[in-house]
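Single-structure report; data block below.
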Amino acid sequence: MKLALVGATGLVGEQMLRVIAERKFQFDELLLVASPRSAGKVVSYQGKEYTVVTPEDAIAQRPDIAIFSAGGGTSLKYAPLFAEAGTTVIDNSSAWRMDPTKKLIVPEVNADALTTEDKIIANPNCSTIQMVVALAPLHKAYKIKRVVVSTYQSVTGSGKAAVDQLFNERKGVEGEMAYPHRIDLNVLPHIDVFQDNGYTKEEMKMIKETNKIMRDDSIRVTATTVRIPTMGGHSESVNIEFEKDFDLAEVRKILEEAPGIIVQDDPENNVYPMPLNAHNRDETFVGRLRRDESQDNTLNMWIVADNLRKGAATNTVQIAEYLVENKLV
Ligand code: A2P
């Protein structure tokens, strides 16, 4: 198994290396790939030294799997070239997610859709991933009609420059602005660019990707995505209207038994999911389970996950694990 990591020097790329090591994902050879700016740089990983190569050099070596976290442009340009060389690409950018010929995968939800024909596989948006992990088992039990979600998203989702902006502001140091406004001591109801319909691209991703992953266009979704000055993970307030009525104790049991979920819901003892606790964890944390008393068959819950882990690196590595375990590469 020859594995290539494209974007190995970026924030998600670094997380990817950590997750691969922790999960003991097995490979015989590892290619660390970045832009020509980084080519030739030596990176040590797991006691070995690797020289960073360009995508062209990596394609020539025909890896079995290439994990991409190098932005949409790099993905659009290079993923097809890797695929042509016989490599299965798992892409973290939004470049291929809504392409009807490409699968959008969250292993707990729809990995069964994967076949050997899938040469470019898309990893969903971070906020969508953690939401569908919790929605899928409940959809099976009660059939979801509508979802209303508001997010509270970590600055790490915007890359290194955004983390620097937060800490520069905190120290009172002038620096580059990753956001159009101050982020420390502030809240920005703005993630990614605004569209003609008044929603941001991030909000539209949550809407469209949820339908695609859940393989059900009848689920109606509306979203407000918000950046807050936190690290560690994204939080989401989710209101779910079901077709069938539910029993709250049964909802809790379904979530507790669902793969990849940890229920943290003991309000009397101040136990609920928080980004500080989700940080560096691979699971999705769910809590504040309660009936929406304003409407029939409707549930409120709070979902938190590490956006660089389950929202990016972990989900991608889980897809790679599934491909290998099921002999799809
Ligand atoms: P480099 O470090 O050489 O610029 P982030 O999102 O944290 O900024 O990371 C982006 C990642 O994508 C980096 O590893 C970056 O490499 C990589 N990258 C950017 N452009 C290219 C390209 N044209 N080919 C390969 N990797 C690229």
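Our numbering is plain: 1 for the first residue shown, then up by one each step along the chain.
The backbone N, Cα and C atoms fix where each Cβ goes, glycine too.
The shown structure was predicted, so the numbers you read here are calculated from the model rather than taken from an experiment.
Annotation comment: TrEMBL describes 2-117 as domain 'Semialdehyde dehydrogenase NAD-binding'.
Counting only same-chain residues at least 6 apart in sequence, those with a Cβ under 8 Å from the Cβ of S38 (NADP(+) binding site) are T9, V52. Taken from TrEMBL, the feature NADP(+) binding site applies to T9, G10, L11, V12, R37, S38, N307.
Listed in sequence order, the residues of the same chain lying 6 or more apart from R97 (phosphate binding site) and placing their CB within less than 8 Å of its CB are L104, A122, P124, N125, K205, E209, K212. The phosphate binding site annotation in TrEMBL covers R97.
According to TrEMBL, the active site, acyl-thioester intermediate annotation covers C126. Counting Cβ atoms from all protein chains shown, C126 (active site, acyl-thioester intermediate) has 29 others lying within 10 Å of its own Cβ.
Taking a C-beta cut-off of under 8 angstroms and a sequence separation of 6 or more, R227 (substrate binding site) has the following same-chain neighbours: Q153, V155, G157, S158, Y179, I183, V187, L188, H190, I191. Look at TrEMBL and you will find Q153, R227 tagged as substrate binding site.
What TrEMBL records for H234 is active site, proton acceptor. Around the Cβ of H234 (active site, proton acceptor), 30 further Cβ atoms fall within 10 Å across all displayed protein chains.
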Original post:
Distance between L11 (NADP(+) binding site) and H234 (active site, proton acceptor) at the Cα atoms, whole Å?
Top reply: 16
Subject >> Per-state residue totals over the domain 'Semialdehyde dehydrogenase NAD-binding' (2-117) - DSSP helix, strand, coil >> reply: 38 helix, 29 strand, 49 coil
**OP:** Report, as a single number, how many Cβ atoms besides its own are within 10 Å of the Cβ of V12 (NADP(+) binding site).
**Re:** 29
**OP:** Looking only at C-alpha atoms, tell me how far G10 (NADP(+) binding site) is from C126 (active site, acyl-thioester intermediate), rounded to the nearest Å.
**Re:** 16
